[in-house]
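Data first, discussion second: the structure below is written as structure tokens.
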Amino acid sequence: MNRLLSRPLRLPATPRRLTKAGIHLLATGYLVALFYWGATDNLGADPVKALLHSTGTWAINLLLISLSISPLAKWLPFPDLMRFRRLVGLYSFTYAMVHFFSFCAFELQFDWTLIASEIVERPYITVGFAALLILSLLAATSTTPIQRRMGPAWQRLHNWVYAAALLALLHYTWSLKTVWEEPVFYWLIAAGLLYLRRDKLLWVVRKKFKKNLAR
Amino acid sequence: MPKVFKPSVKLTDNDVTDERIYRERRQIVKAMGFVGASSLLAKSATADWFWEDDDKKAAARRPLSFQEPGKYSTSETRTPFAKVSSYNNFYEFGTDKSDPAENAGQLQTSPWTLRVDGLVENPLKLDADDLTERFPLEERIYRLRCVEAWSMVIPWVGFELAALLRAAKPLSSAKYVAFETLYDPKQMPGQASRFMGGGIDYPYVEGLRLDEAMHPLTLMAVGLYGKTLPPQNGAPIRLVVPWKYGFKSIKSLVRIRLTDKRPPTTWNRLAPQEYGFYANVNPDVAHPRWSQASERRITTGGLFTRNRIETEMFNGYSEVAPLYQGMNLTKWY
């Protein structure tokens, strides 16, 4: 891969901490603001739809941002950028969780039979839920001690993030009445991010394929 | 293959310049995030005054004179005007529900021509004034159930479609009524761009069986909350069929044609397995992607309002049931 700069960029500890604090402030602040506006009926005609839409699209935005961090860190090069990847990924998971909670609490208003049947019977909700389960597993194994203990298995597990991204986009596209809407742009961005990783992805697929042949 | 990264040993205090560039970069990224967040903030923070000032920003609405609501009206809590006029599916002006309120304000509704033709003895041409003057107006407070499982209660002003059709004198061969929205890509950005219009083939068309069209509940609405319709709600004249999903209630009509064949309808053409010709509100027939057994009623109140209610057959307008006697409504969804 070509590099933009001849020498890698560095980020000292203080601005790094400030950047992290900024990410925390924006990500939690926006969530708090959404709930405040929603509760006071200042989130458009249907606050429930607005909350679901904002949390859902931001979960996807953050997921795609987290996936663009490593290509960016290599290309600039700017290795310290990697230090923000886990944080961004965890916020993607948080937004996805709040999205699902809002669906249960405000859209279906804790009608548990309806919640269960919607997850099972409605394909677009099933795939969204699957994406959330993957993100939950990744979030649960995201700490450094767990990462060390898992060894190479950790990377295999975390490769599932690509599946989660594709399922989340499928969920988004499928939830709308027509195909020609915003998700089209998301698919293009996701395709670009996967293309940058084509070598790795092909390698993973080939390895799986060989394993199956050996059996 | 990327080279293995080796930390440079030449990095010294002189590298401060690099760091500054780097810091700026972070600030740009931060600023971008901030702009993104603040544009959302601005939208919500202005929501209050935007709603209050709706009449100033939107096209001027003329007060109408009309009869008080009669036996067909509901006494349920109404959806506030601000919500009725800012949450619309009118893909001609964009697929987002707030798009029509933002983009439809300049829609030219006068002059206007609504033609009634096809299998009729007396074809009609109604101009802008005819729409509100030719037939006596009355207020009808109807439930509106969207196929997306939300609903509103809306005080329309209008006249029965039956009155208009009687004036045109349908021939005995007429079996269906076909409706058509204005096609004007210059005024309707969704018609000019496939992406903005959700990939629909315009003009938007709808249809009813003649007996459905003649039912006294079927309304030609020219007003809302006592005044002429805002463009985003389908000015200057639209159909309202309260026992069917909202997409049947076609907006900004320019043509009504009587025919002997079932006319094509927009959403049915786009996704026949999801949207039928009849599209009667029916809690027992799920949309392939979601349940139709219940709905969220949009009135006032925020997130914590318990507004999920059971959906009723024919949206509670049981008087239309005889129209469908003996029909399998699961097959004819």
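Any Cβ shown, glycine's included, is placed from N, Cα and C.
TrEMBL lists B:Asn88, B:Tyr91, B:Glu92, B:Cys146, B:Thr181, B:Asn233, B:Arg238, B:Ser249, B:Ile250, B:Lys251 with the feature Mo-molybdopterin binding site. Residues or ranges marked as domain 'Oxidoreductase molybdopterin-binding' by TrEMBL: B:107-267.
Taking a C-beta cut-off of under 8 Å and a sequence gap of six or more, B:Asn88 (Mo-molybdopterin binding site) has these contacts in its own chain: B:Lys97, B:Pro100, B:Ala101, B:Gln232, B:Asn233. Within the same chain, residues at least six positions away from B:Ile250 (Mo-molybdopterin binding site) with a Cβ under 8 Å of its Cβ are B:Phe179, B:Glu180, B:Thr181, B:Tyr204, B:Val205, B:Glu206, B:Gly234, B:Arg238, B:Leu239.
DSSP assigns B:Ile250 (Mo-molybdopterin binding site) to coil in the three-state reduction, placing it in neither a helix nor a strand.
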